[in-house]
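The structure appears below as structure tokens.
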Amino acid sequence: MDGTNESTQGNFILLGFSDRPHLERILFVVILIAYLLTLVGNTTIILVSRLDPHLHTPMYFFLTHLSFLDLSFTTSSIPQLLYNLNGSDKTISYTGCAIQLFLFLGLGGVECLLLAVMAYDRFVAVCKPLHYMVIMNPDLCKGLVSLAWGCGVANSLIMSPMTLWLPRCGYCKVDHFLCEMPALIRMACVNTAVVEGIAFILAVGIVLSPLVFILISYGYIVRAVLSIQLSSGRHKVFNTCSSHLTVVSLFYGNIIYMYMQPGTSSSKDQGKFLTLFYNIVTPLLNPLIYTLRNKEVKGALRRLVLGKLGLRKRL
């Protein structure tokens, strides 16, 4: 019986930090709190963007999708992670592992491309402000989001089966918290150079190409900002773009480090903590970044809260 058939008939064991139970207990508490805050923060961004008419713009249309992605991304793996951290049972079914890997790769790819779309939105807003609403019309916005989703899902449809079908010769222990591609590739009992090569090529298209596009977009934005004479105008552009740049830095820093070296070249413990950061901290910080550094979102929150308080007083 080959490794593929053996793995499909049993469960995977997610080792995580099972050799360090004290660390797992600490991680359980920290991750549970972070997950709940992530749910609250991103749900708030979605509701505010949908309920406040002032935020019915392309920028907040994309931000709503980013928050939805973060909610989906964390929910695809964190409940299983919390279950495994809270007890002695570290198993996950083959089907569960396959779904987790597919969502992890797919949603991660969509987010890479969506951040590039948001960079284009900022480029048009800063460099072509008079034509902004004409260029960023609803049809284009929906088309760009659909393209991001399509490419992300296509990437996952290629990489997920290739990773899961690698022969493992009966080995079922995943040295990670979740069914993540580098950890599953390390389990293979055959040469994985071809799979790693394909993963690298796809990473160039899904990860590096959007990043290059983002850098080029912000190159034009910087040039446009330098031509603005008034300091107040420069400050407004900076506030508009700084939140997106911060999110891009957090997201891409982890993604590039993890997935441009998918095999055995990265430290296992280092990879675990980077995955936790990518899976927990980034989705947690995104709504905070856009709320604390964005006057429009803070104003919308204030209007919604005051509106509810006023309604209660009338009742």
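Even glycines carry a Cβ here, placed using N, Cα and C.
Pulled from TrEMBL, these are the features on record:
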DOMAIN    41-290  domain 'G-protein coupled receptors family 1 profile'
TRANSMEM  26-48  transmembrane segment
TRANSMEM  60-78  transmembrane segment
TRANSMEM  98-120  transmembrane segment
TRANSMEM  140-158  transmembrane segment
TRANSMEM  197-221  transmembrane segment
TRANSMEM  242-260  transmembrane segment
TRANSMEM  272-292  transmembrane segment
Recorded stretches the transmembrane segment (140-158) and the transmembrane segment (60-78) touching, at least 3 CB pairs under 8 Å: yes
Integer average pLDDT (0 to 100) for the domain 'G-protein coupled receptors family 1 profile' (41-290): 85
